[in-house]
Every structure is written in structure tokens, then in C-alpha cells.
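Here's what TrEMBL has on this protein:
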| type | residues | note |
| --- | --- | --- |
| TRANSMEM | 41-62 | transmembrane segment |
| DOMAIN | 140-324 | domain 'Aminopeptidase N-like N-terminal' |
| DOMAIN | 361-522 | domain 'Peptidase M1 membrane alanine aminopeptidase' |
| BINDING | His433, His437, Glu456 | Zn(2+) binding site |
| ACT_SITE | Glu434 | active site, proton acceptor |
| SITE | Tyr520 | site 'Transition state stabilizer' |
Amino acid sequence: MIEEEAALRNGSRGLPPGSWAEAAGPRPRTTERHIAVHKRLVLGFAVSILALLAVTMIAVLLSVRFEECSAAAAGPPRASGNGSLPGAARQPPGRPEQEEEKEVRGGEVAEKEEEEEEEWQRRRELPPWTRPRLPRHLRPLHYNLMLSAFMENFTFSGEVNVQLEVLNASRYIVLHAHRMHIEAVRVAEDKLAGGVRVDRSFFYPQTQVFVVVLNRSLEVQKSYNLKIIYHAFIENELLGFFRSSYVLHGERRFLGVTQFSPTHARKAFPCFDEPIYKATFKISIRHQATYLSLSNMPVETSVFEEDGWVTDHFSQTPLMSTYYLAWAVCNFTYRETVTKSGVVVRLYARPDAIRRGSGDYALNITRRLIEFYEDYFKVPYSLPKLDLLAVPKHPYAAMENWGLSVFVEQRILLDPSISSISYLLDVTMVIVHELCHQWFGDLVTPVWWEDVWLKEGFAHYFEFVGTDYLYPGWNMEKQRFLTDVLHEVMLLDGLASSHPVSQEVQQATDIDRVFDWIAYKK
């Protein structure tokens, strides 16, 4: 007991005397067992390495044997002209395989570049009418277009005389024409010189062009006149020169109107239907006396015939593209006003709508907006008149034809005493947008459709600037612009489906896709 207490005092575990002997006896050594296990692991690893090496050797031998068999089956290599063997047989002994592989890869790259060069040359050598864009060897300077509209059977005939400037010599005249019948084609150098004989002419529907092949090349820096006589239908598809209708006093009445943007002027007359080809236009429209005709410019003279027909000759336009050329044949009535600078503004609509005053609101804000834009841009409105045409059916809310803007009725006619504020706002912003296009798009036009944002972006922005001028209390420019445009387009631009503002456009079928909110709002 005393020994145990002493042991406890000394900090030991206080084992009994017999236990000390057991604790001090020999114990099994775990280190030796660990060494044995490690030896077995090392041995297994070594065996695995040896097996892997053996499999690799066998695979290499089989591969070499397979190549020898393939070479034997292909026959002996042919000697080159100097008796040496081509390919690897000519390589000096001991040459590194890496260098051979680099040469092979370099040859592949060179071969690919040669193929691309050949493809580029092949495309250059393609006939000009097969390309998605018109060739650049000709430039139209002036169109003299004479139309006869037959509203009883929805057809029209036309004669177009195009003054052409030759930039590069060519035997081909390639211009757009689609869904029409060509009756005659003539090419002349000028009024005094004789004509250039036409070898043949044909349509190429894949690119919607008409090709005139001449018996000799047109000379550079000379001017020629291309005369084409044709006829076509006044379509029922709301594009090109199309028809619409309405009912008045129980009687259905018809009208004809155009929608050329972006590539539908070619359905109404043969033309160079790309925005870069700006030219002047002189238009004459022959129609029944019960109708009236409208175009981009005011009527210069009207010639009445004894059989109840009349021909309206319109003033010559400034330089303009084909997509915002326009005309209409209808029996509408109108109201008019005049701006401070003398621009005559008229609104044409169904007689009953004019009588009710449904167009008065649009007419009044148009006058105010023209005066505002002229002061804001410091650029006067370019034409002597602006007509607003309200039609029953149209493919878009509106179209900014220069001097003859076309609107669907729901986006221009209203009664302010009963229309809601939201409807009033919609009508206002559509009118503001289209009027802005008289400067951005008509006066200044993108060269090609990949930069459609140059006209649509500015016009969409000025929807808020112009509306803010008309209704300062609505805070359109400082509040609605942030919520309706800036915030919305930031969300769209953050999606994986977003794209650059300027999009590449190769073919006419790609044009419609660039008219999206990125182009309008970003």
C-alpha cells in the first residue's frame, strides 16, 4: 500500500508489482510487418510497369508490320524522273521525324491556302448576275418612269428609261426585276447616236435580276440610255405595288399603293434596287379620272384625255434610293396645312374619315414637328410638300417614303375626345418616328442594309425627343427613354443571342433580320 502510494506520488500509473513484469516482457514488432507489405507493393508495381512495357513493344511491332504489309500490297514506289524515289525515300538518313511532320503540316496549310485562293478566283469569275450584290460597272443617274394603272383588273404597264454611267467596260447590264413580263429592251448611247444591239436578255430568278447581253462592251465614262417596256400585276400581298380596299356607303372601293422597302421596288419597275444607287426620278402616272395619283413630289402638270383618263406628271425628285420611292392611285380626299417655311402638309384618307376629322390631330402635330426638326437639326425639310396617306391595310405600322409617308389607319387616325392616352401616345410616337426619317434615312441614307441602325436608331431616339417637345409634362426624354429603351436594350444585349449593332448582310433574304430591337434601341 505504501509502495502504491509512493508510485502515485511519483506520477506513475501505480501498477502492482506483478504487472510490471508483464509490461516489461517482449512485444511483437509492427515495423517488420510494414516492411513486408511495402515489399509486396513495390514488387506489384514493378510487375505492372514491365507488363505495360511489354504491351507497348508488341503494339509497336504490330504497327510496323502492318505498315510493311500495306506498302507491299500497294506495290513498289515509282521512281521519279532522275531515278530517285519520291517522299521519304529521298530523305537523308537519320533525319528527325519531327521535321518531316512539320513539312507535311506545312504542305497541308499551303494546299489549303491554294484551295481558298482558287475558290476566291472562281467566285470572281462567276457571271455577274449570279452574285448576291449588283456588279459595280454601271451607275444609274436618272429614271424616267411612265405608268398606266388599270384598277378594274389590277394590272399596270410601264416604260422606264434609265440613264446609265459606265464605270467599267462590260457587255452586260444587270439590274433588279422580279415578277413582271418584259416586252421590249433597247440600249442607246444618246438620242443622236445609233442604238447598241441587244444580243439577248433573260431573267435570273435566284438573285431577282434581269440581264441584258450586248453585242459589244459599253465604253467607260460614257452615258447610255436603257429603255424597258413591261407589264405586271397590282399584287394582293402588301409588297411592291399592291392593292387594298375599303367599304364606303355599302360599296367596296379599291386603291393601289407601294411598299418598296427593303427590296420590293424591283417588283414595280426594273431598277438598281440597292440603297447605294441614288438617282433622280421623273414619274408620270396615267389613271382613270375617278382616281387621283400621288408620288414623292407634287404634280407638275395633268393631261386629261377624252376617254376619261388623266396623266399626272410629277416634278423631278432629288437624289434618292429606290426603297423610299412611292406612288399611290386612290379616290381619297384630304385636308392640308402649311408650315412656317412653306411646306404643304396634306393628310389623305377615306372620305368619311376626313369628314369626321379623324386625321386632324396627325395633321396638326406633323406641321409642328416639321418646324421643330428644322430648327433642331438646322437643316430645312428638303421637299416642297409632305403627304400623309392613311391606308386600310399595310404590312407595317408606317413607311417613311420621302414626301409621301404611308400609315396604316390605326396608327394615324383618331378622335382625341374619345381616344385613350395610351392610344394617343402610340399614334404620336409613330408619326414622330416617320417624320424623323425624312432626315435620317431619306436625306442621309446608309450605303447598305448592314448599317440600318444609322436611320432606325436615330429615328427611334427622336420618338422621345419629338414627343417630349409636344408634351413636356410626360417626361418622355428623361424618364420613358430610360425605362423603355435603355433598360430594355441592356437586358437584350446581355443575352447570348445578342449581336453587334452593325450586322453583315450578304443576300436579300438576310435583310429583314437586321430590323430588330438591337438596331433600333442599342
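Even glycines carry a Cβ here, placed using N, Cα and C.
Distance between Cα atoms for His437 (Zn(2+) binding site) and Tyr520 (site 'Transition state stabilizer'): 13 Å, as a whole number. Residues His433, His437, Glu456 make up the record's Zn(2+) site, and a Cβ search at 8 Å around their centroid adds Glu400, Glu434, Cys436, Phe440, Gly441, Lys455, Phe458, Ala459, His460, Glu463 from the same chain.
In this structure the C-alpha atoms belonging to Glu456 (Zn(2+) binding site) and Tyr520 (site 'Transition state stabilizer') are separated by 5 Å. Put simply, Glu434 (active site, proton acceptor) is 13 Å from Tyr520 (site 'Transition state stabilizer') when counted between their Cα atoms.
Counting every protein chain shown, 18 other Cβ atoms lie within 10 Å of the Cβ of Tyr520 (site 'Transition state stabilizer'). His437 (Zn(2+) binding site) counts 22 other C-beta atoms within 10 Å of its own C-beta, drawing on all protein chains shown. Long-range C-beta contacts of the residue listed as 'active site, proton acceptor', restricted to its own chain and to partners at least six residues apart, with a cutoff below 8 Å, comprise Ala398, Met399, Glu400, Ser405, Phe407, Ala459. Averaged across the domain 'Aminopeptidase N-like N-terminal' (140-324), pLDDT for the predicted model comes to 95.
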